[in-house]
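> When I checked TrEMBL for this same protein, it listed these features:
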| type | residues | note |
| --- | --- | --- |
| SIGNAL | 1-33 | signal peptide |
| TRANSMEM | 243-265 | transmembrane segment |
| TRANSMEM | 309-336 | transmembrane segment |
| TRANSMEM | 342-363 | transmembrane segment |
| TRANSMEM | 375-397 | transmembrane segment |
| TRANSMEM | 409-436 | transmembrane segment |
| TRANSMEM | 467-489 | transmembrane segment |
| TRANSMEM | 501-527 | transmembrane segment |
| TRANSMEM | 547-572 | transmembrane segment |
Amino acid sequence: MHRGTGRTSGGCQRMMVLHSVLILFSFLGWALGYKQGDNVTLYVNKVGPYHNPQETYHYYTLPVCRPEKVHHKSLSLGEVLDGDRMAESLYYIRFRENVEKKALCQLTLSEKQVDELREAIEELYYFEFVLDDIPIWGFVGYIEESGFLPHSHKVGLWTHLDFNIEYNGDSVIFANVSVKDVKPVPLEEGAGAAVGGVGVGGGSLTVTHTYSVHWFESSLPYSRRAERLRDYSFFPKTLEIHWLSIINSLVLVVLLLGFVIIILMRVLKNDFARYNVEEEGGCDDLDQGDNGWKIIHTDVFRFPPFKSLLCAVLGVGAQFLTLATAIILMALLGMFNVHRHGAINSAAIVLYALTSCVSGYVSCSFYTQINGQRWVWNIILTSSLFSAPLFFTWSVVNSVHWWSGSTQALPATTVLLLLGAWLLVGFPLTIIGGIVGKNRAGSFQAPCRTRNIPRQIPAQPWYKHTIVHMAIGGFLPFSAISVELYYIFATVWGREHYTLYGILLCVFAILLSVGACISVALTYFLLNRSSMSGLVQSTEFFGYSLLTAMVFSLMLGSVSFWSSLAFIRYIYRSLKMD
């Protein structure tokens, strides 16, 4: 008994070590070499409507060939978040060994199962298999609409698949599936007679699934096999004019930045010349006749009423700024490619937890500088400012996915893992960063003194209202990234593979520059006061889009605040005041 337990334990340890090595090889981009005749495992993954990429279900939810006991592949956190649910298939593929029309299984489908398949085919369901980390896509069946009077509606099931696999040496380079020269099995209403030699009886339909495997030698090296997948055209290509659109956007943004900087510097030069004409007399003497920004120098650096909320926004914005920069740099280093399923998701989760110290440090440091007293509450607000809306939105979206049976619904173990990452890593790092920021915070050091009694602000014209400035301040940065944002959305909500991370870094830098410049310009104006279809995809799209908008608002809000603060420090330090 003890010897058996020892052998079992040793086997489990060896499996864990082997799995870790496989993950390491995949992450580093090393090829797992095969010898001729070695088994190449084909995993079935998911199915879903072609026009709703975010609505996916496990492949075995359909009445298809499946093993008696389903063995699931160990998945990374990013793969689970991406909706992957890989399981071993009945397809038996050996490296560099061709197979011709080998029987996979024979199924007797009930009338209900036939109707289920027919409905899936009519909704253009496609499947995704995975072979050596290469996704393989194909349609479940065939649908044909012809004529008006009489109208013809034909639905057929593909029961034979041809696998075409490319190799170079001992590595798999590319794989796809084809149904060329294959006739589909018609699925008639009520499980009617099937054409093609399959038996029918008692309202049921018997079909035999077969497959073929063909190996082709490729000259493409393993290190470049991602290019082969990007060139594959199962899904439509929509990014043909990428470079022209990006260059056009960059030129417009550079012109905008130049215009704002030149005009603003010219205006400031005139203001400094006017305000510094008289060196004698205090600033209070100018209050009687000046209508510019100098008249309010004793009110500009007054601390705001909602200190904790402001500092929490600045802290979380700095965190997302750090996270976004790290993600783009990791992408430029080639750490994310089309074969690493969910790698960006995993990196984003880990970086979000690790960069929590940034939000705590920035928030508590500035909170202490502006004489905040409730620093514990400030840390709690900082840690929950984004995580609380995220949890609420995810709960709604995940509930809809769970109700519909989609693979996008996270399993309980993944939910506990994410919660543990926040409780054991993210929240403690926020506290540590907050304590360090509180202890290392210096004084605010305003260049002007502040009056005890606030100056009364007169009524402002419509173009100086907050809602107008919000619209202008949001529209210009959006116009700077609108083209690139389209391609990012095509990747997140569609089936594109985004690879131009160098361009993304340039656009990201332009976005931050535009946000800073627009913030400075609007601050100057303010200082002159005296004169898709379906419930599943719709819920996920709008829910996560709102969270994305919140991330941008926090990140750009932080950049805008620090830019404006540096600007007003500069202009008021340049004044000659007693």
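For all residues, glycine too, the Cβ spot is worked out from N, Cα and C.
Mind mapping these onto the model and telling me what they sit next to?
Through the fold, the transmembrane segment (309-336) approaches residues 29, 343-344, 347-348, 351-352, 355-356, 358-364, 366-367, 370, 372, 378, 381-382, 385-386, 501-502, 504-505, 508, 512, 551, 554-559, 561-562 of its own chain, all at least 6 residues removed from its boundaries and within a Cβ separation under 8 Å.
Residues 27, 76-82, 84, 311-312, 314-316, 318-319, 322-323, 326-327, 330-331, 335-336, 378-379, 382-383, 418, 421-422, 425-427, 429-437, 558 of the same chain lie 6 or more positions beyond the ends of the transmembrane segment (342-363) yet place their CB under 8 Å from a CB of it.
Among residues of the same chain six or more beyond the transmembrane segment (375-397), those with a C-beta under 8 A of the stretch's C-beta atoms are 307-309, 311-313, 315-316, 320, 356, 359-360, 363-364, 367-368, 422, 426-427, 430-431, 434, 438, 539-540, 543-544, 546-547, 550-551, 554.
Residues 77, 80-81, 349-350, 352-354, 356-364, 375, 378-379, 382-383, 387, 398, 401-402 of the same chain lie 6 or more positions beyond the ends of the transmembrane segment (409-436) yet place their CB under 8 Å from a CB of it.
Residues 242, 246, 249-250, 253-254, 256-257, 260-261, 264, 267-268, 292-293, 296, 300, 321, 324-325, 328-329, 331-332, 464, 469, 472-473, 476-477, 480-481, 484, 488, 556, 559-561, 563-564, 567-568 of the same chain lie 6+ residues outside the transmembrane segment (501-527) yet bring a C-beta within less than 8 angstroms of a C-beta in it.
Away from its own ends, the transmembrane segment (547-572) comes close to residues 268, 271-272, 293, 297, 300-301, 310, 313-318, 320-321, 324, 362, 385-386, 389-390, 393, 446-448, 473, 477, 511-512, 515-520, 523-524, 527 of its chain (Cβ-Cβ under 8 Å, at least six residues beyond either end).
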